[in-house]
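Working notes for the structure below.
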Amino acid sequence: MIHMGFSGAVAFFLVRVFKVVPPVKMTFEIYATCVMPISAFFASSLWLGNTAYLHISVAFIQMLKALMPVATFLMAVLCGTDKLRCDVFLNMVLVSVGVVVSSYGEIHFNVIGTVYQVTGIFAEALRLVLTQVLLQKKGLTLNPITSLYYIAPCSFVFLFFPWFLLEKSEMEVSQIQFNFWIFFSNALCALALNFSIFLVIGRTGAVTIRVAGVLKDWILIALSTVIFPESTITGLNIVGYAIALCGVVMYNYIKVRDVQASQVPVDGLPERMSKDWKMEKKSSDIFVPSNSGESNGGTDLGSGSFSLESNMDEEAAPLIASSRLSHIGRTQVGSHAV
């Protein structure tokens, strides 16, 4: 709750006072259908995830977090931002089997803590997918600052009420040692984390942020076994987590392969344009440029068409380039005729 309040206050000063970035035109419909659910799921994931630390060890929590790509993929399919594919589904099954094996080998297994953590994982997955919809599908030009400007205050409200109703009465003020610099530095780290999460989701996708966190989970597991004596891990823990990581790495490979396959092979584009240019010259008996004119015109035309068509579809680019060449050829005919 303190993190969200601090992040919202900083975002408010950056947007409204210092005017570092302008606010977007946020309608009530988008705020009610996107911002409020994102804030609610964000608050739920924080609340459930922090509660799990009271029941299970830090190392086991990080192992359970390997389920995040599975939860995110399922939520993305349900929300329509991703398609159900057989190869990806098999990877998700592999991750799930690895987490089950790791849970079976856990020494201090606790059902309540596991339920808290898994429920928080699915809430976080919904939050990530809805954030991707808000940033990419709704046509909003939100940056990390404006995202926190709208989401952080609402998350603060969703965290305030359960704290006030459930936790405040059990807190003893005499036992609380409040250190301003510890809380301030901690809130700064949370602000930087939120900025980076929104930036990565806006530029890539919801699953990428979880795949990129695999290294962080390994470091947390290693450090928790050293710092906290109760975070002991067994060989079966390691085997199960290794199986889950294999599924995550294979999923990442499939995504990278799909992105590379969808990109336009720009190396072959100038050759296709050159062939289209030659076909235009053969099919036109009206104008035949001289060698010097052909060389100059071809160079300027090639560079200009390549820059214009480099972002177009592979099949449409030759047709558009050919029609544009025909238009320029007719323009040259008219100028020579005059």
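Just so you know, glycine gets a Cβ as well, placed from its N, Cα and C.
Feature annotations, courtesy of TrEMBL:
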type	residues	note
DOMAIN	8-252	domain 'Sugar phosphate transporter'
REGION	286-307	region 'Disordered'
TRANSMEM	28-48	transmembrane segment
TRANSMEM	54-76	transmembrane segment
TRANSMEM	88-109	transmembrane segment
TRANSMEM	147-166	transmembrane segment
TRANSMEM	178-200	transmembrane segment
TRANSMEM	207-228	transmembrane segment
TRANSMEM	234-254	transmembrane segment
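For the transmembrane segment (234-254), the partner stretch with the highest count of Cβ pairs under 8 angstroms, out of 54-76, 88-109, 147-166, is 88-109. Tertiary proximity for the transmembrane segment (54-76) is limited to same-chain residues at least six positions away from its ends with a CB under 8 Å from its CB atoms, namely 82, 88, 92, 95-96, 98-99, 102-103, 106, 108-110, 112-114, 116-118, 121-122, 124-126, 128-129, 132, 206-207, 210-211, 213, 217, 220-221, 224-225, 228, 230-233, 237, 240-241, 244-245, 247-248, 251. Per-residue confidence over the domain 'Sugar phosphate transporter' (8-252) averages 86 (mean pLDDT, predicted model).
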